[in-house]
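K.L.:
One structure is given below, represented as structure tokens, and several questions about it will come after.
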Amino acid sequence: MAWILGLTGGIGSGKSTASAWFSLAGYPVVDADAISRSLTYPGGAAIPAIANEFGADFITPEGAMNRAKMRELVFDDPKARERLEGVMRPLIRRASLEALERARSLADAAGKAFAVFDCPLLCEWPEARTVVDRLLVIDLCEEEQIRRVALRSSLTPERVRSIIRAQIPRQARLAQADDIIYNGGSLEDFRSALAALLERYLARAD
Ligand code: ATP
């Protein structure tokens, strides 16, 4: 049966680039961020709980979470952020576990050895090791994280720094890893490192 590769790393470290690479190579990918967003789309499983916790004002006429309003609320209110996370966390976990079982079946049907779980907060999941069989951390130094995120979005360096501070510290994340790829070089270096890792995975005796 296919095993599950957990893929994680800090903001802007290269998780999506790595997932896209695995996906192109035919490995099913479950994207925890996409699952999280889909839960707050019209009719999403998180909508009743969000309405209950924050009020109907936080739901658009179409029945989605009002993202702009929620972003504004949680931006500098850690208590509100915790409440939102309290609502979302169990739903994301449940939906992710279901998606991972489907991904595992897809991998089995396609003759692939594993499926990938791209999850930025995986190291913050207490039960992560019961969900993934191997943990790959994409690592990057803070200055380069800030530079790359600034290139692709309008987030200021201060904002990226505060997101990094809210995430698990780099060393604590690295301490949980089975495999680490440092993505400080070129995209080509990164792809070569992924290809080398894949070769190692495929050579594993189990
Ligand atoms: P987030 O946590 O914000 O979802 P992420 O970890 O998924 O980010 P990516 O989106 O894969 O990271 O990469 C962040 C940005 O850096 C993207 O614009 C990507 O194209 C770019 N990038 C990734 N790897 C490299 C690299 N080795 N050299 C230059 N740019 C890179």
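From the backbone N, Cα and C atoms, a Cβ is placed for every residue, glycine too.
Taken from TrEMBL, the feature ATP binding site applies to G12, S13, G14, K15, S16, T17.
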K.L.:
What three-state secondary structure does DSSP assign to G12 (ATP binding site)?
P.N.:
coil
K.L.:
Give me the long-range Cβ neighbours of G12 (ATP binding site): same chain, 6+ apart, Cβ under 8 Å, in sequence order.
P.N.:
L140, E144, Q145, I146, R148, V149, R152, V160
K.L.:
Taking the Cβ of T17 (ATP binding site) as the reference point, list residues of the same chain whose Cβ is under 8 angstroms away and which are at least six residues distant in sequence.
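P.N.:
The answer is N183, L187, F190.
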K.L.:
Taking the mean position of the Cβ atoms of G12, S13, G14, K15, S16, T17 as the ATP site, which residues outside that list, in the same chain, have a Cβ no more than 8 Å away, listed in sequence order?
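P.N.:
My list of surrounding residues reads G9, A18, I138, L140, N183.
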K.L.:
Among the binding-site residues S13, S16, point out the residue whose Cβ has the most other Cβ atoms within 10 Å, with all shown protein chains included in the count.
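P.N.:
Of S13, S16, the one with the most crowded Cβ is S13.
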